Amino acid sequence: MARLSTASAEPATSANPTAETAGTTSAHDVPSTSIPQTRDKTADANNDDNDGGPKFNFENFRKRYPTMVAPVPFDPTLLPKGSRSLTSISAQAFGCGFVLAASLLLVAHFVLEKDDTIWRLPAFTGCLALLHFLEFYITARWNLPAARASSFLLNNGLAYNIAHTCAVLEILATRFLLPAWYGRLGVWTPWTIGFALAVVAVGQVTRSVAMAQAGTNFNHTPVQKREEGHVLVTHGFYQFSRHPSYFGFFWWTLGTQLLVGNKICLAGYAYVLWSFFSHRIKAEERTLVQFFGDDYRAYQKRVGTLIPFVK
């Protein structure tokens, strides 16, 4: 999709916290008496906290002490309760990686054990873990100013959590309570599973690449103010769909339910997602027309959404 702001972060359920300006580190913060406290006029001029005291010259430090690590400027947002909390980011990244690895191992185990249905649960959790990790990674790699601990989108709202809980419950119910239901309305053959994996892959790749191509023009949360540097992105996947990240998530979600054989959730997800994106795209594009005027109107006429029945 075309992003509505350039500097805010991308969580889908809440307004992004405002980025805080990183502070600077003086020589007094360096735990070594052997490091000289040098004063640099250029550093003073560029220092937001220019109180006339000695400033740390990073360039001079690296030249004189090539084997030592220069101190990192202090940023309060990196603290445990900050919007860019390193502890939160590392914990969420570890969790996503652990769940993905465990899911892949369990899928392989259950398939080799010829358990025809329980493999669906780790397959679903693995897809979720990869999606949420990539949400943060793509943001941090191509839209760094917007990267927050919340960019993993693990706390994506009550409706999102209910939807995935329903998917898990349907998997468990059709495995332990109603096993006949799994194949009653259609047989999940290797061909069906292969097709579903392809849909999931296309959806994931499209969303991730679209986010990368938009760069700082992408935002998880629509905003109403156009900031300096915000441009209309029409290259890459955006030349085929006005909202490729929505297109990718739409088909990724349906692909996961097709993969695990959730017939009820497949139908429910299709309706809920179509309704959500239908309304959200209309609302966003009213703002985009205000931002870009005739350029966006021409783009609307030239490029569709590729989401069924959403113009």
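Indices start at 1 and increase along the chain as displayed.
For all residues, glycine too, the Cβ spot is worked out from N, Cα and C.
Residues annotated as compositional bias 'Polar residues' in TrEMBL: 1-37.
According to TrEMBL, the region 'Disordered' annotation covers 1-56.
Residues or ranges marked as transmembrane segment in TrEMBL: 89-112 (among others). Proximity of distant same-chain residues to the transmembrane segment (89-112), defined by a Cβ-Cβ separation under 8 Å and at least 6 residues beyond the stretch ends, is recorded for 118-119, 121-123, 125-126, 128-130, 132-133, 136, 149, 152, 154.
According to TrEMBL, the transmembrane segment annotation covers 119-138 (among others).
Using a Cβ-Cβ cut-off under 8 Å and counting only residues 6 or more beyond its ends in the same chain, the transmembrane segment (158-178) has close neighbours at 12-13, 117-118, 120-121, 124, 128, 256-257, 260-262, 264-265, 268-269, 272. Residues or ranges marked as transmembrane segment in TrEMBL: 158-178 (among others).
Residues annotated as transmembrane segment in TrEMBL: 185-205 (among others).
Per TrEMBL, transmembrane segment is recorded for 249-272 (among others).
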